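As recorded in TrEMBL:
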TRANSMEM  B:16-33  transmembrane segment
TRANSMEM  B:40-63  transmembrane segment
TRANSMEM  B:69-88  transmembrane segment
TRANSMEM  B:95-113  transmembrane segment
TRANSMEM  B:119-144  transmembrane segment
TRANSMEM  B:156-181  transmembrane segment
TRANSMEM  B:193-214  transmembrane segment
Amino acid sequence: MKLYIAVGTAVLLVMAIFIIVFVAYYQQKQIRQQLILKEWQEKYRKGLLAATLQAQEHERRRIAQDLHDEIGTMLSVTKLSLNQLGRTVEHNDPGSTVLVQKTRSLLDETIANVRRISRDLVPTTLERFGLVSALEELAEKASNGEVHVELSCSDKMPTLLPQLDLTLFRIAQELINNAIKHANAENIIIDLHCQPNGVLLSVIDDGRGFDLDEILKDKKRGLGLRNIESRLNVIDGHVTFDVEEGRGSRIHIQVKNLKPEVEVEVEAV
Amino acid sequence: MLERFFHLYLEHPLELTHDLATVIPIVVGLFYANPKRKEIRFLLIYFVFLFFRNLISNIYATYRINNIFLYNFFNFIEIIGFGLTYYFNINKSNFKFYILIGSILVIIINVFFWETNEFSAGILTLTRIFGLSIALFYFVELLAEMKVKNILKHSLFWVSSGIIIHSTGTILIFLFSKIILSTRAAPDIFFAYWNFILIMYIVFCLFVSVGFWVSKYDEDNYA
């Protein structure tokens with residue numbers, strides 16, 4: 001009997017140890033699998049997001065091309081016809097000359113607008129001359145009598161991947177637009193600096209600021225900021241919002257540059 | 001009196017190791033465990049009670065007074081201690097309910113098995129079954145929910161493992177305690193099994209100490 005108790009206890013103990021080892025092993029294995037699955041899902045989500053952004057850029061390019069090639073051309077032809085009509089009307093019906101001139105000025109305005117929209121849709125300066133030039137142009141365009149936009153950047157900026165260039169440009173565009181439109185900022189500084197293995201883009205304004213949590217909660221309002229986060233997600237970038245209602249905002253974007261660096265001399269503004 | 005006290009320890013060195021083993025989880029729990037976690041606090045209180053039980057039991061032994069009822073009585077505290085430990089760590093309300101009902105039921109049944117002068121096979125076995133059941137249920141829950149990132153850094157995994165090893169190692173001995181742990185049992189048989197119970201208890205203390213030690217990682221260890 002006593003021997004049976006000893007053997008029984010030994011068997012139970014072996015079973016207990018087996019259960020403990022099995023639970024530890026199985027749980028770790030499951031957790032590893034879950035991690036792999038999460039990584040895969042994250043990768044898939046990023047891929048999907050990247051594809052969406054790429055499709056968005058393609059669509060912008062197509063619309064810009066259509067505007068330039070088709071509507072722009074049609075408008076130019078219309079302007080030519082109007083000029084001919086103007087000359088005819090000038091001789092036959094001098095009273096209608098004012099109307100023709102008015103129509104011509106409206107047409108000029110339309111052509112200019114089509115050109116502007118077409119240029120805004122595709123940042124050609126970015127593609128031709130790089131991020132710094134594109135940001136310079138952006139700052140210049142955004143500046144007017146009421147708003148002053150200034151670009152400050154490192155003397156030597158590394159050449160970034162085209163995708164990074166575009167992302168940073170679009171983010172800067174969105175932030176400047178927000179600062180002017182929503183925060184009523186008068187002075188905006190775009191700060192672009194290179195860091196070891198990356199680039200730091202800061203957009204600082206003296207506007208009225210905003211409550212980040214409130215904006216992000218509101219699905220209709222926080223679209224631009226969410227878009228920034230999505231764009232950065234694709235390139236493993238980070239955004240830091242140093243914002244508060246009633247004071248200027250400081251938004252910092254940090255991205256890693258994966259391309260071997262080729263430094264380009266840039267004249268600091 | 002003190003001379004006899006030390007003589008008992010010299011005669012049974014494993015008893016001394018057993019008593020010292022109780023101090024390890026208390027020290028680790030007081031200085032290294034995460035005091036924010038309720039289950040850790042309950043287990044710590046349980047071990048403080050255990051320390052005093054051992055102390056009183058040794059004093060009784062020195063004066064040659066029956067101390068077996070202390071071991072029987074302590075099972076009630078063990079049920080409450082384990083019950084509370086798991087009750088506050090489980091989120092599922094039905095599991096909480098089972099623990100509550102199980103604890104009350106085992107305590108009520110144990111009352112009917114009460115014995116003062118002998119080890120109560122009923123109380124000791126039922127308490128082991130109760131401990132074993134909730135520890136195994138917890139393991140099932142752990143595998144089903146997958147809420148812990150690293151199980152080796154999860155306090156209740158070590159505590160549950162300790163309970164399982166302690167319970168499986170002693171359940172048959174306590175079940176047949178009428179034969180091997182009774183006053184009528186041969187001393188060599190009694191001490192062989194009694195020492196084995198003490199070893200199992202030391203292992204339990206070590207496992208709980210590891211559990212207390214890793215409890216500092218608990219907060220960040222949830223997925």
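Backbone N, Cα and C define each Cβ position, glycine as well.
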Listed stretch, out of B:16-33, B:40-63, B:95-113, B:193-214, that has the most CB pairs under 8 angstroms to the transmembrane segment (B:69-88): B:40-63
At a threshold of under 8 Å on Cβ distances, which of B:40-63, B:119-144, B:193-214 pairs most often with the transmembrane segment (B:16-33)? B:193-214
Excluding the flanking five residues on each side, which residues at least 6 beyond the ends of the transmembrane segment (B:95-113) place their CB within less than 8 Å of a CB in that stretch? 75-76, 79-80, 83, 86-87, 120-123, 126-127, 130, 133-134, 137, 141
